[in-house]
Amino acid sequence: MSSELIDCTSQTEVTPLLHNNMTIPIDSRRTMMELVTKKFPIFGWLPLYTWSKLLQDSLAGLTVGLTAIPQGIAYAVLAGLPPQYGLYSGFMGCFVYLIFGSTKDVTVGPTAFMALLVQPYVIKFGSDFAILLCFLSGCVITAMGLLHVGFVLDFVSMPVICGFTNAAAVIIAASQLHTLLGIEGRTETFYDSIAKVIKNIKNVKPWDTALGISCILILIVLKQLPGKRRGNTGQKLMWLLSLGRNAIVVVTGIILAYSLSTYNIHPFIITGNITEGLPPFELPPFSTISNNQTYNFLEMAGKLGGSIASVPMIAILESIAIAKAFAKGRSLDTNQEMLALGLCNIFGSFVKSMPVTGSFTRTAVNHASGVQTPMGGIVTGTLVLFACGLLTSTFEFIPKSTLAAVIIVAMYNMLELHIFIILWRTKKTDLLPLIATLICCVVISLEYGMVIGIVLNLILLLYFAARPGLSIEVKEIDGVTILFVTPEQSLSFPAAEYLRDTVMDWFVFIERLFPMIRIILL
């Protein structure tokens, strides 16, 4: 045995192999470094970082920042929060994901979906509930990442996710219609949004409407520009215009509103006063006063109710789906991504952030800008901090119809209508959970719609597991008639009774035609 040992250094452990009585060395230092790199991916790519990568990451981070600022303000308004909260939510995730994130493209920050989920609590109880929900969501997501329970995402099927995404896009776009038309006020549901527009159709303001529709058209045109990052000067210019389209329409709106205000002309409804300065770094609110009533932590958590589970789940689904879409075939550590996302929310809650997750729009901009590593997040976060500290007085002139246009176009780009055609051609039964999720999300709520879709999908899975498809053939071999029964999928226990009854029914039927049948093969 001793002659078969392999020499090991003092830093090496020797592990026996039970089957062949051999030993192999395991470098404990290397194993520890791999573990550290897995949990802190920055140590994997930072030693290989170059000036060339820094230049590309800086360009990508700057471009994403120009998108993140107007979107952050728009999503804060959508959530019913003061506009500056969109900026508060836009920088901490960039810095935290730099350390813990495992993909180069994903950018974490406020999204329309998170804003819509937070809105009811903000309207009823105030901004402190959004901050606490951010903290609690982060705790739930972090725990799921540490416990390696990423497998639960496998139970949320693609049709359910698509149904939820389409429903949320429709609800969010509808919620911005009254703002686009210059009608003041808030709405809570899809029906409220449509009813508000219909009831106030006579109060539509032509200036806001004209500006909002013009911004929508400009955003659509700029998105279609045939630019290339590595093309000639003209193509590069069109590429930059396309990527910075959100910033372009917002800045144009600011200039227009400010210029007219100098002549004491105020044709647009503007964002209004925005609190200047950086947010204080402090513990999230574990108690608060809302509507002249004091709520302690347990009471606040009770009011948040099921959102403490639904918001983290939806945040995970959104972020992981985006990460997979831009992974381009590379393996993705979903548990590490959950850990990173959870910590982004936990640390974000210390600077008054609403719940955050991966943003499809900003991730797409990041990818198109040629980002090389997560280092681009530093530039994005710094730019948002700069805007938060020095430019808030400028942002008060943003016309609300411009922000509504940014949100509506973003939601239009999130629609996945082609999925209906694909499922109709490939697997019609998957249309049932898709349509059910979509309708329930719009009619009831996003959280309940998602739950109903998941439950319905699980029922379908159990049904088809208990009722597998069977292929039955009758063949005659060497004068013996044989009944071949071939399951079209793997068999499980719930299918046993159905399989026996079906095979026996076929056997009785075929025996009348072939009296000599004696053998059944599965």
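Each residue, glycine too, has its Cβ placed from N, Cα and C.
Nobody curates TrEMBL annotations by hand; they come from automatic prediction.
Bear in mind that the values here come from a model prediction, so they are computed numbers and not experimental data.
Record features (TrEMBL):
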DOMAIN    54-437  domain 'SLC26A/SulP transporter'
TRANSMEM  59-78  transmembrane segment
TRANSMEM  129-153  transmembrane segment
TRANSMEM  160-183  transmembrane segment
TRANSMEM  209-225  transmembrane segment
TRANSMEM  304-326  transmembrane segment
TRANSMEM  338-355  transmembrane segment
TRANSMEM  375-395  transmembrane segment
TRANSMEM  402-423  transmembrane segment
TRANSMEM  435-465  transmembrane segment
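Most Cβ pairs within less than 8 Å of the transmembrane segment (209-225), among stretches 129-153, 304-326, 338-355, 402-423, belong to 402-423.
Distant neighbours of the transmembrane segment (304-326): 103, 105-106, 108, 111, 113-114, 117-118, 121, 129, 132-133, 136-137, 140-141, 144, 150, 153, 156, 161, 164, 332, 334, 337-338, 341-342, 345, 355-360, 363-364, 367, 446-447, 450-451; these residues of the same chain sit at least 6 beyond its ends, with a Cβ under 8 Å from one of its Cβ atoms. Spatially, the transmembrane segment (402-423) is adjacent to the transmembrane segment (59-78); three or more Cβ-Cβ distances between them are under 8 Å for residues at least 6 apart in sequence.
Of the candidate ranges 129-153, 338-355, 435-465, 435-465 has the most C-beta pairs within less than 8 angstroms of the transmembrane segment (160-183). Taking the domain 'SLC26A/SulP transporter' (54-437) as a whole, pLDDT averages 89 in the prediction.
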